[in-house]
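**Student:** Structure in structure tokens, see below.
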Amino acid sequence: MGTHPAAPSAVLPGGEPLGAWLARNPAALGPAVAARWAGDLPFLFKVLSVAKPLSIQAHPDKGLAELLHAMRPATYRDANHKPEMAIAVTDFRALFGFAGIQELKDVIRTVPEVGGLIGHEDADKLMTVKEYHGGNDVKSSLQSAFAKLMTASKEAVSEAVNKLKGRLNDESKIRTLTEKEELVLSLERQYPEDVGVLAALLFNYVKLSPGEAIYIGANEPHAYLSGECIECMATSDNVVRAGLTPKYRDVQTLCSMLTYKQIFPEILGGVPVQPYVRRYTPPTDEFEVDCCLLPPGEVVVMPPVPGPSIFLVMTGEGEVQADSMSDGEKAKEGDVFFVPAHTEVRLSASGHVSMQLYRAGVNSRALHACNAAAAGKRSQLQNICEMAS
């Protein structure tokens, strides 16, 4: 849901692309958003149902996105960055970021199939790194080891994956496998002989309960494994892939772009902003997401904001009424509404189950900053005019 040319939303009735409609109705964005993001909607809103693990990937920062788009526009179709946030709707599983140095050492020590592909020199460097060493030492060692693994020949990877599978299947008869080991076997069944099966051991295994979320910044490796989520991101389709995928792999770019931070992601729970509404605010200006769980017969009023919003009805039914509408609009599961800037929205739930909605909008913090800057400029202009008169 959004304006990206790869799959733009259509406005009903008539089916006009949302981007074209906004070009004719720029006031719907609000002046601050229209000015900062060149008359475009700065976010994409998605619902993902992950039946099969998605690729090991990362999204470039703005500078790298511009470079990749200029060099290979057919693969990297825009020049924007793509920070994103995933909010779990069901139990949700993902890989995110590199595991801590002690866990990586355990992998090298106990998984010879990975150590063999990394090689003795890089394995020894990682094994001798101390947690209190400077970040550059750890990053350099980890980057070199990861690149060795990801660029190993297909034959070597195939042999290592099959050895690991056989060993774990044998050991499962005499001991209980760890969650990571069970994950490896599951990935191998879906992506046989894929280097991503081995790489998964190097990442944090993240488990989200419904309502929990993670934010994924630029140049951070991740892979969604299973479950359903609401996802919001900057308006971009740039993905650099390197494993667990039949799609194009840009291994050299991925290995060179990653931050190699070893931090378990912060789990976001959302903050109540009014009864029935929780807000998820990431550290990026393009977006925020509200979750509204409205019991039958209840009403909530979403106050006007100086930027556009997209509302998605996830479950249940009810009515949506905007201050520009004389009558409410029936709302049911799967309905999507674009709400212009400065529009109050009244939501009411009917039926026998709660109505669950998600709202994507521009980050409130960024909107306040833009409006404060605009007010300052207006004040300065007024002072200059008064002086000139």
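Keep in mind that glycine also has a Cβ here, set from the backbone N, Cα and C atoms.
Grabbed the feature section from TrEMBL, which reads as follows:
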ACT_SITE  Arg241  active site
BINDING   Gln57, His59, Glu84, His222  Zn(2+) binding site
DOMAIN    1-98  domain 'Phosphomannose isomerase type I catalytic'
DOMAIN    117-202  domain 'Phosphomannose isomerase type I helical insertion'
DOMAIN    280-324  domain 'Phosphomannose isomerase type I C-terminal'
**Student:** Who are the chain neighbours of the domain 'Phosphomannose isomerase type I C-terminal' (280-324) in space, where the CB to CB distance is under 8 Å and they lie at least 6 residues beyond its ends?
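**Tutor:** Long-range Cβ neighbours of the domain 'Phosphomannose isomerase type I C-terminal' (280-324): 1-2, 28-33, 37, 41-43, 45, 47, 83, 85, 87, 89, 211, 213, 215, 217, 230, 232-235, 268, 270-271, 273-274, 330-367, 370-371.
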**Student:** Rounded to an integer, what is the Cα-Cα distance in Å between His59 (Zn(2+) binding site) and Arg241 (active site)?
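**Tutor:** Distance (Cα to Cα, whole Å): 9 Å.
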**Student:** How many Å lie between the Cα of Gln57 (Zn(2+) binding site) and the Cα of Arg241 (active site)?
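**Tutor:** It is 4 Å, counting Cα to Cα.
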**Student:** Taking just the CA atoms, what is the gap between His222 (Zn(2+) binding site) and Arg241 (active site) in Å?
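**Tutor:** About 10 Å separate the Cα atoms of these two residues.
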**Student:** Roughly how many Å separate the Cα of Glu84 (Zn(2+) binding site) from that of the residue listed as 'active site', to the nearest whole number?
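**Tutor:** Per the Cα atoms, Glu84 (Zn(2+) binding site) and the residue listed as 'active site' stand 16 Å apart.
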**Student:** Near the residue listed as 'active site', which residues of its own chain have a C-beta under 8 A away, given they sit six or more steps off in sequence?
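**Tutor:** Non-local contacts for the residue listed as 'active site': Ser55, Ile56, Gln57, Lys247, Tyr248, Arg249, Asp250, Leu254.
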**Student:** Average the per-residue pLDDT over the domain 'Phosphomannose isomerase type I catalytic' (1-98) and send me the rounded value.
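**Tutor:** The answer is 95, the mean pLDDT of the model over that range.
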**Student:** What count of other C-beta atoms do you get within 10 angstroms of the C-beta of Glu84 (Zn(2+) binding site), across all chains shown?
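**Tutor:** Around the Cβ of Glu84 (Zn(2+) binding site), 25 other Cβ atoms lie within 10 Å.
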**Student:** At a 10 Å cut-off from the C-beta of His59 (Zn(2+) binding site), count the other C-beta atoms across all protein chains.
**Tutor:** 25
**Student:** Per DSSP, what is the residue tally for the domain 'Phosphomannose isomerase type I catalytic' (1-98) in helix, strand and coil?
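**Tutor:** Tallied per class, the domain 'Phosphomannose isomerase type I catalytic' (1-98) gives 27 helix, 27 strand, 44 coil.
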**Student:** Would you mind splitting the domain 'Phosphomannose isomerase type I helical insertion' (117-202) into helix, strand and coil residue counts from DSSP?
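**Tutor:** So the counts come to 65 helix, 0 strand, 21 coil.
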